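> For reference, the structure I am asking about is given below.
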Amino acid sequence: MVFNVGSVLMRLGIMTSTSDQNFIDSITLFVALICACIVIGHLLEETRWMNESITALAIGLCTGIVILLTTHGKSSRILEFDEEFFFIYLLPPIIFNAGFQVKKKQFFRNFMTIMLFGAVGTLVSFGIISFGASQFKKLDIGFLETRDYLAIGAIFSATDSVCTLQVLNQDETPLLYSIVFGEGVVNDAMSVVLFNAIQRFDLSHINSGIALQFVGNFFSLFITSTLLGVLIGLLSAYIIKKLYFGRHSTDREVALMILMAYLSYVMAELFNLSGILTVFFCGIVMSHYTWHNVTESSRVTTKHAFATLSFVAEIFIFLYVGMDALDIEKWKFVSNSPGKSIGVSSILLGLVLVGRAAFVFPLSFLSNLTKKSKSDKIEFKQQITIWWAGLMRGAVSMALAYNQFTRSGHTQQPVNAVMITSTITVVLFSTVVFGLMTKPLVRFLLPPSKDLSTMMSSEPSSPKSFTLPLLSSRQESEADMGDCNIPRPTSLRMLLSSPSHTVHHYWRKFDDAFMRPVFGGRGFVSYIPGSPTGRTAQQFQ
């Protein structure tokens, strides 16, 4: 396949000219702004009041003002937004890294609770926001179809819990951290799956048949996307374990991991599946099997490479959102009736608050009914934190809104401009205002333990996977997964009383007996003469 360089540059969206010089100027300025976000974010890190997202939004707003002044009010952007560019290039590293870095022990131990919040909760929020949005017709903002109202529900169901995760301590509140983190990822995947399902159906005349077909398509999309991610993750583990590229070149195994991770996403898009779900579960599988099959230097490289790509992509998105918030084209449409835009933004913000509360507290109550141990139950203060963590809206909401209400970043109708400006307003307000209030709120509800704070401050800040040996003994692996204190399930009663622990026990037995000998993993890496990983693994076999 031959690529036209000029068309690729055009897809990146140059503002005023397609000449090489203007393109270079735009890219240079954008890269410089990303560097400024990183530096300023680092200087503000100790306060923990502002994160890189808020910093990027603020710098984007300031840059947009400068560009508006220099162009005499013609534009505030140096690059045009392209939702396909977002979904194909920027979103995959963010979602994959979330799966790759996930704490699997806590994630799967609380899997049912996470799915309850991430899947069922998103559907509840989607229904409330869609129903509330259908009342916009009373504001006389213009004609919106049923598909648009449902799309608004999907757009504003996508959360951004980055601010809360930066304040929470996963060592002090592992249950809360795993729920907030896991729900955030599943929520984004669910929102995009809902949005894509809405685009595929003719919803102008809804009946029971179309509704059942919609639900069936949704669950089919969810399951097949997950299975594809698992299969590609297992394939990467098997290839690297059998061929062991590290004998000759660590560059090859690093490149193969990165490319197969991206392959999972583009294959899902090729088959009209959910790329977010596919790449997320591919990341989990690759961190469980593939990552342990490569050399130690490749492990360090891949872990930091995936985290860096995700970090830069997030900054890029929020920087653009900050600049686009001042786009004069969209605001011209609503300048004659600013009250309508403010009214729509206020209603959407209220729906986000109500939709979030409508499932967090009831589902927390239901989840607590199935837990016997007090430490496994979600306390009321933790429920408030979970509710607050999902109030922020971010990059996924912006991208879906652009996909629904613009064409190549440009609005065609006044009603579309109202929806875009309202989305920008909600994203800015929730990210900045709610984000700045997150630290004092969480510290008030969940004051940190003094002993733990002292202990954490005296230890190095590197991840656990790098401060401990990369390969541990079989016994250490079992202890790390939390099996040492879990009784052997011997009856159906125990399965019903402690389902997560029981299922986890049998999964570990199946994993050790069948999966790890074939696909590798911790303590199951094949011995390769002359390989440091092989020698280390041989010591524990």
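Keep in mind that glycine also has a Cβ here, set from the backbone N, Cα and C atoms.
Features from TrEMBL:
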| type | residues | note |
| --- | --- | --- |
| DOMAIN | 33-443 | domain 'Cation/H+ exchanger transmembrane' |
| TRANSMEM | 23-44 | transmembrane segment |
| TRANSMEM | 56-73 | transmembrane segment |
| TRANSMEM | 85-102 | transmembrane segment |
| TRANSMEM | 114-134 | transmembrane segment |
| TRANSMEM | 175-198 | transmembrane segment |
| TRANSMEM | 218-240 | transmembrane segment |
| TRANSMEM | 274-292 | transmembrane segment |
| TRANSMEM | 304-322 | transmembrane segment |
| TRANSMEM | 342-366 | transmembrane segment |
| TRANSMEM | 386-405 | transmembrane segment |
| TRANSMEM | 417-437 | transmembrane segment |
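Looking at the shown structure, can you explain where the listed features end up?
Beyond its flanks by at least six residues, the transmembrane segment (85-102) meets 11-13, 181-182, 184-185, 188-189, 261-262, 265-266, 269, 275-276, 279-284, 286-287, 291, 303, 306-307, 309-310, 313-314, 316-317, 395-396, 399, 402 of its own chain at Cβ-Cβ distances under 8 Å.
Tertiary neighbourhood of the transmembrane segment (114-134): same-chain residues 107, 149-150, 152-154, 156-157, 178-179, 182-187, 189-191, 194, 347-348, 350-352, 354-356, 358-360, 363, 366-367, 386, selected by CB-CB distance under 8 Å and a gap of 6+ residues from either end.
Sequence-distant contacts of the transmembrane segment (175-198) (same chain, at least 6 residues past either end, Cβ-Cβ under 8 Å): 95, 98-99, 102-103, 106-107, 109-111, 113-115, 117-119, 121-123, 126, 147, 150-151, 153-155, 157-161, 164-165, 168-169, 214, 217-218, 221-222, 225, 272, 274, 276-277, 280, 375-376, 378, 382, 385-386, 389-390, 396, 400, 403-404, 446.
With a cut-off of 8 Å between Cβ atoms, the residues of this chain six or more beyond the transmembrane segment (218-240) that come close are 190, 193-194, 196-197, 253, 256-257, 260-261, 263-264, 267-268, 271, 273-286, 289-290, 293-294, 518-521.
A Cβ distance under 8 Å defines the sequence-distant neighbours of the transmembrane segment (304-322), meaning residues of its chain 6+ beyond its ends; these are 30, 33-34, 37-38, 52-53, 56-64, 77, 79, 81, 86, 89-91, 93-94, 96-98, 100-101, 162, 254, 258, 261, 283, 394-395, 398-399, 424, 427-428, 431.
Beyond its flanks by at least six residues, the transmembrane segment (342-366) meets 116-117, 120-121, 124-126, 128-129, 132-133, 135-136, 139, 141, 152, 156-157, 378, 383, 386-387, 390-391, 393, 418-419, 421-423, 425-426, 429-430 of its own chain at Cβ-Cβ distances under 8 Å.
Long-range contacts of the transmembrane segment (386-405) within the same chain, counting only residues at least 6 positions beyond its ends with a Cβ under 8 Å from a Cβ of the stretch, are 53, 81, 83, 86-87, 90-91, 94, 117, 148, 151-152, 154-156, 158-165, 176, 179-180, 183-184, 187-188, 191-192, 195, 314, 317-318, 321, 352-353, 356-357, 360-361, 364, 378, 411, 416, 419-420, 423-424, 426-427, 430-431, 434-435, 438, 441-442.
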> Other than its close neighbours in sequence, what residues sit by the transmembrane segment (417-437), given a CB gap under 8 Å and a spacing of at least six beyond its ends?
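Counting only partners 6 or more residues beyond its ends, the transmembrane segment (417-437) has Cβ contacts under 8 Å with 49-51, 53-54, 57-58, 141-142, 148, 152, 155-156, 160, 163, 318, 321-322, 324-325, 329-334, 340-342, 344-345, 348-349, 352, 388, 391-394, 397-398, 401-402, 404-406, 411.
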> Taking pairs 6 or more apart in sequence, does the count of Cβ pairs under 8 Å between the transmembrane segment (56-73) and the transmembrane segment (274-292) hit 3 or more?
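No, since the transmembrane segment (56-73) and the transmembrane segment (274-292) share fewer than 3 Cβ pairs closer than 8 Å, they do not count as touching.
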